[in-house]
Amino acid sequence: MHQNTPTEKTTENQQLRTTGGYKNLNRFSVAPMLDWTDRHCRYFHRKLSRHALLYTEMVTTGAILFGKGDYLAYNEAEHPVALQLGGSDPAALAQCAKIAQERGYDEINLNVGCPSDRVQNGMFGACLMGNASLVADCVAAMRDVTDIPVTVKTRIGIDDQDSYEFLCDFVGTVAERGGCEMFVIHARKAWLSGLSPKENREIPPLDYPRVYQLKKDFPHLTMALNGGIKTLEEAKTHLQYMDGVMVGREAYQNPSILAQVDNALFDAALPVTDTVAAVEAMYPYIEAELATGTYLGHITRHMLGIFQGIPGARQWRRHLSENAHKAGADLRVIEAALEFVTRKNITE
Ligand SMILES: Cc1cc2nc3c(=O)[nH]c(=O)nc-3n(C[C@H](O)[C@H](O)[C@H](O)COP(=O)(O)O)c2cc1C
């Protein structure tokens, strides 16, 4: 596993950020998704877009401070990469933020959007929307000990606290008292009881105009809109009102959308010519990971959707699903799966 040490790299990344080496960092990002956007997933997404900002899965302060594994490991190639933290104790968050900066993360994001019971029992995630002054304290504590951006990802409301005034109070408090300058707004509220996390991503209706209005009323804050974006055309529409867009499920399930992001949203050259090339560009990484004992399936599970809508996509998925978890599975499994999806199919 690749380890990052607090070296000159951190400073270099900060410089890149402040000198604009990364283009409009918040313009397009891939959402934090637990169990999905792990380091293998992010490495793959980076092959598809140089400029998208990539978020980690949520990592709790408890895992970082007391866990046995290294929850902050990532590959240098993933930059720009933001660490999403789950927690509500300002001191613990500050400790984690400091470690994250030393490890070279480009941004720290606080989760104020997850509605799961487990998270609520830990008194963090979406339920924190009900305690804006605590969120402000958390952000301030993290900002005190770091100089990378500390951002907040939140919903437009929780339970019956779903008025526009409530949202404005929350954002206003966290910005003014906590010093938060960048928010990602998931454009639906969360029900803290009665709905599963999955239902909470589908049932409460999306309210884009409310998020546009928020940006209008807080023009000095950087704001990205999240929720339900499925195409780059939709992303472009939101960007007429917002500073950025964040895409979750569509980017994961249909990652080929990422292959157009640099050109469509950053006016930059595409990093790969096609999605087959993106898969092949993973080979050196996969070989290196296999050599350290990673299972092929742990990497390829994030690549299953890359050929969505293309002839052979189903066979590609099936071949990987049936073979990549077998003992000794290596690049030959991917090469065989690729046989189902020819370059001709891609370019036609
Ligand atoms: C499998 C899964 C895991 C998620 N985990 C997180 C998480 O760790 N932190 C977070 O803030 N949001 C999490 N989310 C929510 C997404 O970040 C995003 O806000 C949501 O899916 C709406 O965006 P979308 O419609 O583009 O998917 C998760 C979503 C999914 C589907």
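Please read every residue number as a count from 1 along the shown chain.
Using N, Cα and C of the backbone, Cβ positions are placed for all residues, glycine too.
What you are looking at is a predicted structure, and each value in this text was computed from that prediction instead of being measured.
TrEMBL has this to say about the protein:
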- 30-337: domain 'DUS-like FMN-binding' (DOMAIN)
- Pro32, Met33, Leu34, Gln84, Lys153, His186, Asn226, Gly227, Gly228, Gly248, Arg249: FMN binding site (BINDING)
- Asn111: site 'Interacts with tRNA' (SITE)
- Cys114: active site, proton donor (ACT_SITE)
- Lys198: site 'Interacts with tRNA' (SITE)
- Arg201: site 'Interacts with tRNA' (SITE)
- Arg314: site 'Interacts with tRNA' (SITE)
- Arg317: site 'Interacts with tRNA' (SITE)
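Between the two most distant C-alpha atoms of the annotated FMN binders (Pro32, Met33, Leu34, Gln84, Lys153, His186, Asn226, Gly227, Gly228, Gly248, Arg249) there are 20 Å. The candidate set comprises the recorded positions Lys153, Arg201, Arg317. Of these, Lys153 has the most other Cβ atoms within 10 Å.
Comparing Cα positions, Arg201 (site 'Interacts with tRNA') lies closest to Gly228 out of the binding-site residues Pro32, Lys153, Gly228. In this structure, Lys153, Arg201 are the recorded positions from Lys153, Arg201, Arg314 whose C-beta falls under 6 Å of some atom of ligand 1. DSSP assigns Cys114 (active site, proton donor) to coil, not to a helix or a strand.
In the three-state DSSP scheme, Pro32 (FMN binding site) falls into the coil class.
Look at Arg317 (site 'Interacts with tRNA'): DSSP puts it in a helix. Cα to Cα, Pro32 (FMN binding site) and Arg314 (site 'Interacts with tRNA') are separated by 27 Å. Distance from the CA of Cys114 (active site, proton donor) to the CA of Lys198 (site 'Interacts with tRNA') is 10 Å.
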